[in-house]
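Engineer: I'd like to ask you about the structure that follows.
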């Protein structure tokens, strides 16, 4: 196996893991970074593998919580509420994705759309953070979330179907806008990532499994492990960060990154294939 290809697969896995749970759009980063380093492996199969690695990082980090929920479903009120909330939050984006996913990929999966959504998302984060600085959050614990709160987060997640929006960004900011405390919204976004990404991965596997070859196994394992490790680091670091600070630095980063994408695209450094 060529060392340079291995290095590129490792770097792509790290990018996925580090960006999946930050409100900065992992999709935008993967496309730009993949273009810049010239990574052209079996794209969809590799993408499935690194997404699965990232989501397993959340499962591992919250393994005790998920274990308690699995053992408590049907018997424990908190566990039942937790599962119900995840199901409610899952439905809007799942339904809209099935109905309009193909059209969105055809018409919005381009540099301009991603760049615009990165910039608009950055401005939205600035506004939400300013609003929460004077509006006291009503909910400060995941177990205190009501079904209506989960529904509002689920509705916000629909916007993440547009490339460049960021799934974590839309759910966290949607939760904060609804009156949920920053860290609580972040944790629920992590939990919601599990059913969303598992469902998306399963759907993609059914569509693309025939493109899998034994030749891809090595690169897939490298990307998977890299995404898992970097995802675990990102989850832990983000929780520590939002316990003391806000998301404003990520807002400015999004704006700069969005402008950079347009510059790179116009200059011919990246393509969208």
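A Cβ is built for glycine as well, from the same backbone N, Cα and C atoms used for every other residue.
Grabbed the feature section from Swiss-Prot, which reads as follows:
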{"type": "TRANSMEM", "residues": "13-35", "note": "transmembrane segment"}
{"type": "TRANSMEM", "residues": "45-62", "note": "transmembrane segment"}
{"type": "TRANSMEM", "residues": "82-102", "note": "transmembrane segment"}
{"type": "TRANSMEM", "residues": "108-128", "note": "transmembrane segment"}
{"type": "TRANSMEM", "residues": "144-164", "note": "transmembrane segment"}
{"type": "TRANSMEM", "residues": "186-206", "note": "transmembrane segment"}
{"type": "TRANSMEM", "residues": "219-239", "note": "transmembrane segment"}
{"type": "TRANSMEM", "residues": "250-270", "note": "transmembrane segment"}
Engineer: Between the transmembrane segment (219-239) and the transmembrane segment (82-102), are there at least three Cβ pairs closer than 8 Å, leaving out pairs fewer than 6 positions apart?
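Structural biologist: No; fewer than 3 Cβ pairs under 8 Å.
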Engineer: With a Cβ cut-off under 8 Å, give me the same-chain residues at least six positions beyond the ends of the transmembrane segment (144-164) that come close to it.
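Structural biologist: Beyond its ends, the transmembrane segment (144-164) has Cβ neighbours at 25, 27-28, 81, 84-86, 88-93, 96-97, 100-101, 104, 108-109, 113-118, 121, 170-171, 173-175, 177-178, 180, 184-185, 188-189, 192, 196, 258.
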Engineer: For the transmembrane segment (82-102), what are the same-chain contacts with Cβ under 8 Å, counting residues 6+ beyond its ends?
Structural biologist: 69, 73, 142-143, 145-147, 149-151, 153-155, 157-158, 160-161, 171, 188, 191-192, 194-196, 199-200
Engineer: Find the member of 45-62, 108-128, 250-270 that has more C-beta pairs under 8 Å to the transmembrane segment (186-206) than any other listed stretch.
Structural biologist: 45-62
